[in-house]
Amino acid sequence: MVPAAGRGERLGPGAPKALRELGGVPILVHAVRVLARSRAVETVVVVAPKDGVAEVRALLADAIGERESAVLVVVPGGDTRQESVRAGLAALPPGVDVVLVHDAARPLVPVDVVDAVARAVADGAEAVVPAVPLADTVKQVTPAPTAGLPEPVVATPDRSTLRAVQTPQGFRRDVLDRVHAKAVQEGIDATDDAGLVERFGGRVVVVPGHEEAFKVTRPLDLVLAEAVLARRRSRVEY
Ligand code: CTP
Ligand code: MG
């Protein structure tokens, strides 16, 4: 499943983030192509902006079409990421036991990461997240009431025990269904699906992610993504 219904406010004015282009191809198309290329993936459910379902359907039919074997379903998303994931879950065909949730905003994830996450779920984990070690030391602070003021440091967690998590995150379908239903009941709104599993007592494991699976969030991320794509293209053509 690919949540792609966000507006991309931190990217600045323009089209919804999933439809912004990278190397001349919409970000969403990159993300869907990677999933469709994984042999672990049979169906791709794309959760599109509410007013963009027809556009996304046409775009993907054109861009993916005959080239990939995975079945494609497009449904309208919600106002929060959690609502969008729920809409995607509701659209999953029966008989699907494993769900990968992959942000459209991570267009350059290598297919090996997709395969590794799917394999870890197939091997028995109920929730799997790909993650990478942190480059920066992290400080926990007491946030200042106004941005820009000095903030007191509370603690410095040991960096070797920290990981920055990416997507696709993989789940047993029944587990993901259950935690999303509980989140609604309890009025919880979370942007991290694995976090919901933890909160409700499930076990989450981390597998190695990849530096190219970074999320396109701010304008600088687009610059980096274009550079990664250019590097890949030059290597393939060489
Ligand atoms: N997402 C979604 N539905 C929402 C909000 C987010 O499907 N209501 C998706 C986004 O499309 C994205 C992923 O969740 O693929 C991760 O979210 P994020 O990077 O925060 O994207 P946006 O919410 O679009 O960006 P911003 O927060 O800057 O507006
Ligand atoms: Mg967001």
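First residue shown is number 1, and so on along the chain.
A Cβ is built for glycine as well, from the same backbone N, Cα and C atoms used for every other residue.
Model, not experiment: these values are computed from the prediction.
The annotation site 'Transition state stabilizer' is assigned in TrEMBL to Arg10, Lys17. According to TrEMBL, the site 'Positions MEP for the nucleophilic attack' annotation covers Arg159, Lys215.
Features per TrEMBL, on structure.
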residue : record                                           : Cβ contacts under 8 Å, 6 or more apart
Arg10   : site 'Transition state stabilizer'               : Thr217, Arg218
Lys17   : site 'Transition state stabilizer'               : Gly6, Arg7, Gly8, Leu11, Ile27, Ala104, Ala105, Val216
Arg159  : site 'Positions MEP for the nucleophilic attack' : Pro133, Leu134, Thr137, Val138
Lys215  : site 'Positions MEP for the nucleophilic attack' : Asp103, Ala105, Arg106, Gln166, Asp221
DSSP three-state assignment for Arg159 (site 'Positions MEP for the nucleophilic attack'):
helix
